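Q: Structure below; questions to follow.
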Amino acid sequence: MINWIWFLMIIAGIISFLLKGDGKGLMETMTESAQKSIELLIGLGGIMAVWSGIMKLCEGAGIVDFIAKVLSFPMKLLFPGLERKNKKASGAIIMNIASNMMGLSNAATPFGIKAMEELQRINPDRERASDYMVTFLIVNAACIQLLPTTVLSIMSGLKSSNPTEIILPGVITTIIALVSGIISSIFLKRFYR
Amino acid sequence: MGFSVFIIPILIMIILFTAILKGVKVYETFVAGAKDGFQSVYRIAPYLLTMLFAIDVFRRSGAMDYLINIISPLSHFLNIPEGVIPMIVIKPLSGSGALGVMTDIMKTYGVDSIEGKIAAVMMGSTETIFYTLSVYFGVCQIKKVRHSLPAALIAHIAGSLAAVYICYMFFK
């Protein structure tokens, strides 16, 4: 599926360039996109290293276990039996969710990657995504943000009368997105082996 | 807004104090973590570049604008303000792009307009699915992603519709 989407995005892009009569556009975009990716990766490398360091400190200090206790109920609901099978995986998932909740997306990515690596360790088929992985991806696609810091700062920059009033609708919206994602994954599961 | 600036410094202070009180070797532990971080970035690099390439070609060529034009008539049918359609299309593809579109909507319609509020709620409610999917599955070399993409897209669409109707309930 991802192969087809990737293919279609590029083909649709090339056709649109040609329709506009823009012969140079593709070459320019290719160069710029590659440059931008490397800049992004260099920036990401630094910040990921810092947050992974903090993650290790949290593990060592027992902070992960503490947050795990707070979030144990939703975790049991979403990832039944995971804590028994791989404690490190559930710890990383918890830190990922916690940083998303606080709007720290830079911190969420390293925790998320760590979680996927740990989930891969208990995956029976190494080329096929496990149910835990799919659920984790959906949780990430619809992550609850209690403090969408970037959005709030842009809104106050544009002189909004009360930026914080979007927080509650945002939380409700995310819960709806999450629940529909989880329910649809239960139904879709049987069509994808 | 004011207090959120202090969350990170306070958080990191708590983490450091807890670690040192529990006898964790803070410096060495941090270095071990940083090593993991660099290794992860090294591994996700090709996946990130490949996905961003397709997304950039799709956006810059104007193909995305065609897609928005195709979807726009649906907005009347579903009672969605036409101004927020670009937001629904770009959000799964690009986080920075979505932030740009949101700012643009707020400047065009006003930051306190219903369009602006809906865009803000959408921005905070779902993640950039394609990026997350390629990076997360890329890092552990998963080839069969199974139903993760359709389920995540359903979550995105449900979230987008919910953003519109919930904003109507709250702000109209």
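Just so it is clear, glycine is given a Cβ too, placed from its N, Cα and C backbone atoms.
Not my notes, these are from TrEMBL:
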- A:42-154: domain 'Nucleoside transporter/FeoB GTPase Gate' (DOMAIN)
- A:6-26: transmembrane segment (TRANSMEM)
- A:38-54: transmembrane segment (TRANSMEM)
- A:132-154: transmembrane segment (TRANSMEM)
- A:166-188: transmembrane segment (TRANSMEM)
Q: Taking every residue in the domain 'Nucleoside transporter/FeoB GTPase Gate' (A:42-154), what is their average pLDDT?
A: 86
Q: What does DSSP give as the helix, strand and coil breakdown of the domain 'Nucleoside transporter/FeoB GTPase Gate' (A:42-154)?
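A: Result for the domain 'Nucleoside transporter/FeoB GTPase Gate' (A:42-154), in helix, strand, coil order: 88 helix, 1 strand, 24 coil.
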